[in-house]
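Notes follow once the structure below has been shown.
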Amino acid sequence: MAATTENLPQLKSAVDGLTEMSESEKSGFISLVSRYLSGEAQHIEWSKIQTPTDEIVVPYEKMTPVSQDVAETKNLLDKLVVLKLNGGLGTTMGCTGPKSVIEVRDGLTFLDLIVIQIENLNNKYGCKVPLVLMNSFNTHDDTHKIVEKYTNSNVDIHTFNQSKYPRVVADEFVPWPSKGKTDKEGWYPPGHGDVFPALMNSGKLDTFLSQGKEYVFVANSDNLGAIVDLTILKHLIQNKNEYCMEVTPKTLADVKGGTLISYEGKVQLLEIAQVPDEHVNEFKSIEKFKIFNTNNLWVNLKAIKKLVEADALKMEIIPNPKEVDGVKVLQLETAAGAAIRFFDNAIGVNVPRSRFLPVKASSDLLLVQSDLYTLVDGFVTRNKARTNPSNPSIELGPEFKKVATFLSRFKSIPSIVELDSLKVSGDVWFGSSIVLKGKVTVAAKSGVKLEIPDRAVVENKNINGPEDL
């Protein structure tokens, strides 16, 4: 039986009894559920979709670069807050605790690199750019302990929690914790669209406004390309853009990513979930929808305050049905990128691919730990010796999924500057100082351990056993 608005009073009284939630969380949750039940999902009329112009999605190279003047740079940085989304766990990569504490390169974690980058800016320009981490209840305790190690760094680190909402038991439409599910599994963080109300409710937003801050740069903590960019910041301040989403050209790997469209005179995010079935292939085409959302967002702090106070941020709801411990539950989420249509003078900026370097799997770790990149001052920079603008495609079998097993299977990370693609399956082990070039496939037969020897140079080969080396 589908839930209707008639289920709302029962749900509301159950939520009132949940002492683990703050009043603002209760009202936020009820508001989200009532919007969902009233079916106010915004339907996209396909014929009204237009490709955004260069005024709406500005090419990065058309923006005026910032001068080398130290005073101008300091003035810009004094208006900035950097916020990293830190709610995710490293479970998919076989790690416990926050994903941001996975070691990326040279013994440094995502969080280490972020702190080093901001500290370098603060030291160089004599400014005080703060770092804010939005945690979830899954990462809050661990993060508090972890940030203690940065006490002596020249970065003010703030943390706050995003909202904690109860999962809803699908068939009865009641909060799971009300039925006795009191452990963490009964709850969920409602997506990063929650960043705006959560920042406001934490009191941090008012603190930053009182310090003269104007913009927050929001990014995923696992995107190594999401570094402070003064050219973008200067453009937004000069043009009074309340919101800016960084987009970048799609490749075949990104066909499911959200894109920016012009719709009824406003810029809007279009996600694959909103696309009618008959248009999904068109949505995935690189010809019509050429860009996708990197989730690097720049947002004016006063505008966030105004919109949150007016309860105006009614982003598209993403229903996320799950089965947990044999119970079918529903969690309702929103995405920060979908907020773009509520801000005045919102734009996209079409940035180089280098600003999108996410580490979602061990195959991404292989890229960033290899000679394809170098690490300088906390910045991961691409090796100029690589002539191909796109990265090699890398597919590693389940034996490499967890970070610890991935690392144990490489004596050292191979050279991949001249690699086009790598596909590895089965019980494969790599020696040290190996060079991979062109298209390489390594597939160990079932039950067979296949070792690639030290200093092997493998170019355009299919390897199924030692005899193929």
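Using the three backbone atoms N, Cα and C, a Cβ is placed for every residue, glycine included.
The UTP binding site annotation in Swiss-Prot covers L85, N86, G87, G88, K99, Q162, G191, D222, K360. The annotation substrate binding site is assigned in Swiss-Prot to G87, G88, H192, N220, S221, D222. As annotated by Swiss-Prot, N-acetylalanine applies to A2, with the evidence given as a large-scale study or a structure entry.
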Nearest-integer angstrom distance between the alpha carbons (Cα) of H192 (substrate binding site) and K99 (UTP binding site):
15
Mapped DSSP class for K99 (UTP binding site), helix or strand or coil:
helix
Let me know how many other Cβ atoms fall within 10 Å of the Cβ of H192 (substrate binding site).
24
Does G191 (UTP binding site) have same-chain partners at least 6 apart in sequence with Cβ under 8 Å from its own Cβ, and which are they?
I318, E333, T334, A335
Neighbour-count leader, CB within 10 A, binding-site residues: K99, K360
K99
Suppose we draw a 10 Å sphere around the Cβ of G88 (substrate binding site). How many other Cβ atoms does it contain, all chains included?
19
Give me the CA-CA distance between D222 (substrate binding site) and K99 (UTP binding site), in Å, as a whole number.
8
Closest of the binding-site residues to N220 (substrate binding site), Cα to Cα, picking from L85, K99, K360?
L85
Consider each pair of residues in G87, G88, H192, N220, S221, D222, all listed by the record as binding substrate, and report the largest Cα separation in Å as a whole number.
14
